[in-house]
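Annotated in TrEMBL:
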DOMAIN    A:7-80  domain 'Glycine transporter'
DOMAIN    A:93-165  domain 'Glycine transporter'
TRANSMEM  A:6-25  transmembrane segment
TRANSMEM  A:32-52  transmembrane segment
TRANSMEM  A:118-138  transmembrane segment
TRANSMEM  A:150-168  transmembrane segment
TRANSMEM  A:174-191  transmembrane segment
Amino acid sequence: MTTLLLAFDLIGTFVFALSGGTLAVRQRLDLFGVLVLSCAAAVSGGIVRDVLIGAHPPASLADWRYLVTAMAAGLVTFRWHGLIERLRNPVQLFDAAGLALFAVLGTGKALAFGLSPFAAMLLGMVTGIGGGIARDVLVARTPVVLQAELYAVAALAGGGVVALASALHLPQHPAMVAGALACFGLRWMALRHGWRLPVARPRE
Amino acid sequence: MTTLLLAFDLIGTFVFALSGGTLAVRQRLDLFGVLVLSCAAAVSGGIVRDVLIGAHPPASLADWRYLVTAMAAGLVTFRWHGLIERLRNPVQLFDAAGLALFAVLGTGKALAFGLSPFAAMLLGMVTGIGGGIARDVLVARTPVVLQAELYAVAALAGGGVVALASALHLPQHPAMVAGALACFGLRWMALRHGWRLPVARPRE
Amino acid sequence: MTTLLLAFDLIGTFVFALSGGTLAVRQRLDLFGVLVLSCAAAVSGGIVRDVLIGAHPPASLADWRYLVTAMAAGLVTFRWHGLIERLRNPVQLFDAAGLALFAVLGTGKALAFGLSPFAAMLLGMVTGIGGGIARDVLVARTPVVLQAELYAVAALAGGGVVALASALHLPQHPAMVAGALACFGLRWMALRHGWRLPVARPRE
């Protein structure tokens, strides 16, 4: 079970890192910039969560496998970015899976550190979307997750299931599976059907 | 007294959140983006302060009322942004009050965690202006508080009064009231009279 | 020895702060903006390192000399920015020295807090380049260190020497001197000879 979780966690890290590397290549950053954006996209969410709950040092610094995985994804993107861009659909699939896993595991870790279910749900969302925000801020553009198709809402839904189960004293493992499925399903449906949140109309 | 402080703290949170929501609507972010910018503007300063002094978890995560207040302000902005924009003057009044309160309370909290008066004054300023910086960085623009009318200087003045009183072993509560009045008064005069700091002239 | 280290540390702080102040003047920020960018460029890297390893409060807040040095550099830039711009070559020399020192000392501090050599090397790099990233993000531009001539790679090399020595149980002080020389030499050669990392070619 733990091995399975670690495998998913590293797959999520790899796919998030691909998104950072791809953006860096498009922005014509050099090899180092590609590696930094890969790592930033992959581990920033978890680092922010760990800093906020007081987990020192953050998991992705304590275990070298996360950063090495992220750097490997960066190197892959640097060399075969054309291929990665063509694989957009499978990458989005893995990205949705990574988002679901990060949101659910992030919520679980925050609960384990004694935060309230409400705060834990928000920290699960931060774990899922923080990397994408850091990636976009580093190239000075408004984060896509603040605009895109139910991306953060899906993360919130996944963490919300886990947080609700904790508040109701239900068993945690089934709740995490249900939360991950909810997040993945919502994100996937939003992608396929173009579901979006409403946008306010500024004054003329 | 504590109830009064909490009320002011929540009013400051609400007004800061309005500034984030208004910017998000102008940038045509979706509903989620509006909520994120509202929360970022309202609680980032306090979160950075708590992370730097080692207060885990940050106050705005430990107490759900802060984020719920910020989200309520986001929803209000999303629905009635035209009205909020027309209310610019009263909103600026409350914003100056929120700034004064955040700067003074932030300085007091840093002192209570054992920081030096100098560092505490700076952390009070960070508490007051951090939210506005996070808000602007998230939409990729240079933070207004680095350019605007004595905004951060007013926060520094408020925190400075509290820090000075601490260094001189004067009683803290009157110092906080005096600091808040100094910050509010300076900010308000700067707004009314267009007081500005000098700008260096870059080489041609 | 400790006095010598402190002197170098403050020189590094001063020179990094000059880079922040110069950018602020070019962006026509006011006096306060110049001071904030000076401080952000000088101390952000160390603050991020201290937050990640759990050192509360960060060294640059615990010791007032760092921020006062950074602010002095900001004032100097505000008043004599034309002169600073003309002194580009000596400033780059000191900047390379500051980078070397920050990377090596940052790696050493992370090792002292029990991090693995791999993580410590990365945190040394963050100590060296974090300030430049914060400086650039605050004026909404893609950080120069993600694009420039082996800047971050030099920091990584310096920290890597210290981390490797720690992994091999070699004495630390000679390793720090060697690491600083490696970082400084690599950065200086890159500047003089225009060495660059490769850039991927995005698809047409």
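Glycine is no exception: its Cβ is also placed from the backbone N, Cα and C atoms.
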Chain residues outside the transmembrane segment (A:150-168) and at least six past its termini with a C-beta under 8 angstroms from it: 96, 99-100, 102-104, 106-108, 111, 117-118, 120-125, 127-129, 132, 144, 174-176, 178-180, 182-184, 186-187, 190, 195-197
Mean of the pLDDT scores, which run from 0 to 100, over the domain 'Glycine transporter' (A:93-165): 89
Within-chain partners of the transmembrane segment (A:32-52) [C-beta distance under 8 Å, separation at least 6 from its ends]: 13-14, 16-21, 23-25, 58-61, 66-67, 69-71, 73-75, 77-78, 102, 106, 109-110, 123, 126-135, 138-139
Counts by DSSP class (helix H/G/I, strand E/B, coil) across the domain 'Glycine transporter' (A:7-80): 64 helix, 1 strand, 9 coil
Composition by DSSP (helix, strand, coil) of residues within the domain 'Glycine transporter' (A:93-165): 60 helix, 0 strand, 13 coil
